[in-house]
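Trainee: Copying in the features that TrEMBL gives for the protein in this structure:
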| type | residues | note |
| --- | --- | --- |
| TRANSMEM | 35-58 | transmembrane segment |
| TRANSMEM | 78-95 | transmembrane segment |
| TRANSMEM | 101-121 | transmembrane segment |
| TRANSMEM | 179-201 | transmembrane segment |
| TRANSMEM | 207-227 | transmembrane segment |
| TRANSMEM | 310-329 | transmembrane segment |
| TRANSMEM | 344-364 | transmembrane segment |
| TRANSMEM | 385-405 | transmembrane segment |
| TRANSMEM | 430-451 | transmembrane segment |
| TRANSMEM | 463-489 | transmembrane segment |
| TRANSMEM | 513-533 | transmembrane segment |
Amino acid sequence: MDEEQQQRETVAGTVDYRRRPAIRSKHGRWVSAWFLIWVEIAESIAFNGISGNLMIYLTDKLGESTSSAATNINAWKGVGFILPIFGATIADAWVGKYYTIVVSCIIYILGLALLTFSTAIPSLSKGGSHELTLQKAVFFSALYLVAIGRGGRGPCVQAFGADQFDGDHAREKKAKSSFFNWWNFGTSVGALLGLVVLSYIEDNLSWGLGFGIPFIIMVFGSLLFLLGTITYRFPIKVETESPFRRIGRVFGRAAKNRNLDLPYPAQQGRQQLRQLRFLDKALLVRDGDVAACNEGEVEEAKAVLRLLPIWAMSFVLAIVFAQSGTLYIKQGNTMDRSIGKLKVPAAALQGVMAVTMLIIVPIYDKLCVPAIRRLTGKPNGITTLQRIGVGLFITIMTMAVSAIVEAKRLQIAVRHGLIDLPDATVPMSIWWLLPQFVLFGFTVLFALVGLQEFFYDQVPGELHSVGLAVTSTIQGLGFFLCSFLVSFVTKASTIGGRESWISDNINRSHLDYFYWLLAGITTVDLVIFIYFANSYKYYKRQGSAETE
């Protein structure tokens, strides 16, 4: 390749691993993206292999109550999904995505090693009274090491994958949108393998083996990430000033100038200047003051502030989603899980979500999006906010179906005299839970993928990792809110001496009432979300695929 042709092939704003200009034909695009998707598959196997059956491990092996186990799982997941905001901030502001991923993978692997060791403590112990306490201490320490490792690598791997596509190149811009769909397709493959295969191993062979295999897989995934180094595009930090400092300066100057009047009325100026006008005061200069913020910096700060209502209205998705790994599993464990002589682990049913994703992602990406694109003229068929709204509506349907199925399970338990026999098998097939897991798969495709693409696209360019981490905080705070809601409902429903909606005896519980409550909360949330989505003004920057 001669020098002139190489210059034409250079991807602006990126370099290779040797800090040379990245060449379009050699670096990035799908070759690099698939390295990162495979890494995500490995992590998804590891994480789901641990978390999928955690409810059973905590209640059956560590002796925790149903509500306590659900609270602990949601708290752990909450921490794991909130920490990415810190990992992403470190990556975007200081050390970069690549090195953040490397360090996080090491912490993740150490956590998995300690988790595997914790299962051996009972056999190594001499049977002292502190055996279970020691095992719990090591186990939860390992779990939170995994959460820290996952928090650092999660949004960075995904954002680094999206960075392999040039947002200013027409073909690569379309590929970037497709990348988010295939990323979640890969995540679903990993989830399916982790939930089905590893849950079976944990139920029927050994918990130590079930936790040890994720350790091996995570080591393999980390080595695969390093192997792809020579193909990656590394974004160059264009701005010398931290975007956090720029945005903070806008808010600070607007607060300082809060008593000054703007020189134009609300109806004048460009459309974006008519929203959040109090921040426009950052454009004003006091006598003897330093230079004001510029219009681009103010619009950047407004873009971040406009995200807050969408962020807050998405918590309900995580609250509902938490049920798939806690109460659904407890329900499934009481039902008929037999297929011939094979007994299906209740946790394996979460793999139905993954199978649903495996089927519908290619159909949506290759058939639905092009067809809708021809009707709407939008690059992605529908806007990301419309996609999230569809996901919220499906979530309402999911909770309604869950409530109906649980009511039927309770009726059968009463009919067969099993109301006080929580360990007995209710003569109702576990496959009755199938529809709600399928609906959850559609929720992931529309709501979760939509949130990922929305926050990646709508933050300032240097904050892509933070944008994806914001999606993760939705899940994290949602899990914490779910822990609070479970505790509140458990106590509130016992007022007057009644049986708790969420008791240790699941046959005396009323999970159907709890699911109807979630359906009602989600309905209210959807109405408020539609209001904010209709008034949202998309942040337009160079390379942004989104339009109003």
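Every residue gets a Cβ built from N, Cα and C, even glycine.
TrEMBL does not curate its annotations; it predicts them automatically.
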Trainee: With Cβ-Cβ distances below 8 Å as the criterion, list the same-chain residues six or more beyond the ends of the transmembrane segment (385-405) that contact it, or say none.
Mentor: 310, 314, 316-317, 320, 323, 328, 432-433, 435-436, 439-440, 442-451, 453-454, 512-513, 515-516, 518-519, 522-523, 525-526, 529-530, 533, 536
Trainee: Between 78-95, 179-201, 430-451, 463-489, 513-533, who has the most Cβ pairs under 8 Å to the transmembrane segment (310-329)?
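Mentor: It is 463-489 that shares the most Cβ pairs under 8 Å with the transmembrane segment (310-329).
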Trainee: Hey, would you say the transmembrane segment (463-489) packs against the transmembrane segment (78-95), going by three or more CB pairs under 8 A that are 6+ residues apart?
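Mentor: These two stretches do touch.
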Trainee: Give residue numbers and ranges for long-range contacts of the transmembrane segment (207-227): same chain, 6 or more residues beyond its ends, CB-CB under 8 A.
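Mentor: Cβ under 8 Å, 6 or more out: 35-36, 38-39, 41-43, 45-47, 49-50, 53, 57, 61, 101-102, 105-106, 108-109, 112-113, 115-116, 118-120, 157, 194, 198-199, 201.
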Trainee: Using a Cβ cut-off of under 8 Å, list the residues of the same chain at least 6 residues beyond the transmembrane segment (513-533) that approach it.
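Mentor: Here the qualifying positions are 309-310, 313-314, 316, 319-320, 323, 327, 385-386, 388-389, 392-393, 395-396, 399-400, 402-403, 406, 489, 493, 501-502.
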Trainee: Residue list, the transmembrane segment (35-58) vs rest of chain: Cβ under 8 Å, 6 or more residues beyond ends.
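Mentor: Long-range Cβ neighbours of the transmembrane segment (35-58): 64, 68-70, 72-73, 77, 108, 112, 115, 143, 146, 150, 153, 157-158, 160-161, 164, 182-183, 186-191, 193-195, 197-199, 202-203, 207, 210-211, 213-215, 217-218, 220-222, 224-225, 227-228, 231-232, 325-326, 329-330, 333, 345-348, 350.
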